Amino acid sequence: MAADYSINTGEVRTFGTVDYVLFVLTLLVSAGIGVFYAVWDRRNNTPQEFLLGGQKMQVVPVAMSLMVTFVSSLTLLGYPAEMYNYNTMFWWLVVSFLLSVGGAAFIFIPFFYRLGITSTFEYLEMRFSKPVRVIGSVMMIIQTLLYMAFLLYAPSLALNAVTGINLWGCVAGMGVVVTFYTTLGGMKAVLWTDTFQAGVIVAGLLAIIIRGITVQGGITRIWDIADNRSRILFDDFSVDPKTRHSVWSMVLGAGCFWLALYGVNQAQVQRCLSCPSVSKAKLAMLVSLPGLMVIVSLSCLLGVIMFVFYSDCDPIKFGLISKFDQLVPLYVMDTLGSLDGLPGIFVSAVVSGSLSSLSSGLNALSAVTFRDILEGSGWKSSSEFKSTVVSKLLVAGYGLGAVGLAWVVSQLGGILQALYVVFGILNGPVLGVFTLGMFFPWANAWGAVVGEIVSLAVLLWIGLGALLNQVTTPMNPTSTVACNWTAMGVSTTTVSSLNATAILAVNTTVAGDIAESEAGMLEPLYRMSYMWYTGLGMIIVWGVGLLVSFITGATDPSSLDPRLICPLVSKLLPCLPLSCRERCYCGVPHKQAKAGSETGLSTLKSITSNEETQGIQDLPHSNGHVVSQSANHDLSNCYGHVVSQPANHDLSYNDGHVASQPANHNLSHLIESEIVVRL
């Protein structure tokens, strides 16, 4: 190894001038995009424009934003550290993306898009009741605030390790920058900064991986050494839920985890709702999938390369760094430190990952609070301009709140597992209540509320029990035999004893972790892999929710608006005979709805041909579905219900808003198949 590596010198390299310039440029470009859209759209000060980009966003920026919203600095720092400390079983995560992103694209996104909603939690009130909506919204707000706190802390920790910049000064600085451009530019700024930052992330990963492979003699040598040191493992098919990472926990358990993020999480769904049609929303989701898998795979490969580099001198035991989350920036400075600018590119990638996710979270929090908490409680603004100002103030407030919470997450240990535990606990009840409403027509509001509460309580019990009882999984052993202890001021006579002590510590830790703790009989429950938390929470909501629903009086499926129930069997098995699919509707009138939609489409086309002589306008009807309104005409809506709308009359929305409808308006996009509800 080169003499100037940290494990030989005992000193960590720091940024050079070029590195600082590139890093600052990354922040300036992100802020500049926000300023640009603030000026460009200064005349479009409406909540729709600010929160959804006017529903005019195209596939590429939406796909890039979907790709990096939850693949952030935590991925770039946490995934390689996972490979270093354990093995490559975590790499199976890319397979879970096929299930989660595919399910979101073909089931959840079309379902929400065709409801015409801004916040996903509006659906919970349509299907159940306002309390269910509020509970879900509050859980999402807590979850996103904690996530943003992780995102502020992780890259700041990286910068602190490699540059000496004050940790908390960096947290505050990043928080101010992302709050600034999100507040000014809204959804458009978020999507285009995410697109820019996605490029920076990929460039940073490729730079460090190519350099690492070159320095260490090729990928074959790297893979062989990692395999000999028990870091290459892909065939753990254990069905024991206590196994930290098995094929099943990584594909099925993580699949549920990521389905909650891509299928019902406001940040992701809101991006899809910014597309002009449901087909483009689905395409954006699918386009993001290959990029998502590539970034995760590159991050895992980086972990393997990094382990081989430090295989004979663990930086933690050597005293170079204090946390495994600092491994990646240390490795970057060791291998790229002699090349001006490249460390700056990678750290810019880490920071870009956080900024992209932070801006998405802030935008989502603003939408949920505005729609579900303020408007849901009866608050009304006198103008759209004031509503937009309120939305921007919410962004600013949540940005400051995330900065404060960053200190809390700094006390939680390794960022990757801590993030999955926190998200798993909160994802489970949220995914459970959405799927309870979408797939089980008998569920009622009582079942949804009780199911959510019980699920959250059980997951908190398991998660906090594991934390308080210090239930951990032993890491794979590391070595310090090649460390230059004399550079750390240690005499050569004590080096052998230090190595022996390190080996003993590893063995003692393993024995301690395996031994039964004070948890007693509950220990197997606390040892359950955190990857199963979301799936378990969802199943608890289903079981408890249905039980309570039948006890308190199950909902009659035939009484439900079919828009609120997803015909899952028809979507998954469209080749089944029609009679079989109809039996799977469980009494929900999907057949009548489909007939109504076809009648509605025929009527709309007829009206369109007379556009020049009739006063026509698009209207969101019954929770956001579009119904054409011509002067003094009756019109079947997308489900066959008749709506009479004479000229210059008011139409009340299902959520209480009133819109005046004068005649002689243009018809826009009315007969697109994406707007007419099809099942």
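Including glycine, each Cβ sits where the backbone N, Cα and C put it.
Unlike curated records, TrEMBL annotations are generated automatically.
Residues annotated as transmembrane segment in TrEMBL: 20-39, 59-79, 91-113, 134-153, 165-184, 196-214, 246-264, 285-310, 389-409, 415-439, 446-468, 530-554.
Here the transmembrane segment (134-153) does not touch the transmembrane segment (530-554). Their Cβ atoms form fewer than 3 pairs under 8 Å, with each pair 6 or more residues apart. Counted over residue pairs separated by six or more positions, the transmembrane segment (285-310) shares fewer than 3 Cβ pairs under 8 angstroms with the transmembrane segment (446-468), which leaves the two as not touching.
Beyond the transmembrane segment (91-113), the same-chain residues lying 6 or more positions past its ends with a Cβ under 8 Å from any Cβ of the stretch are 83, 120, 123, 234, 245, 247, 250-252, 254-259, 261-264, 268-269, 272-273, 275, 278, 281-282, 285-286, 288-289, 292-293, 296-297, 300, 438, 566, 568, 571, 674. Put simply, of 20-39, 196-214, 246-264, 389-409, 530-554, the stretch with the most CB pairs closer than 8 A to the transmembrane segment (59-79) is 196-214. Taking every listed stretch (20-39, 165-184, 246-264, 415-439, 530-554) in turn, the largest tally of C-beta pairs under 8 A with the transmembrane segment (196-214) is reached by 20-39. Same-chain residues lying 6 or more positions outside the transmembrane segment (246-264) and placing a CB less than 8 Å from one of its CB atoms are 66, 70, 89-90, 92-93, 95-97, 99-101, 103-104, 107-109, 120, 235-240, 285, 420, 423-424, 427-428, 430-431, 434, 529, 531-535, 538. Among the recorded stretches 20-39, 389-409, 415-439, 530-554, the one sharing the largest number of Cβ pairs closer than 8 Å with the transmembrane segment (165-184) is 389-409.
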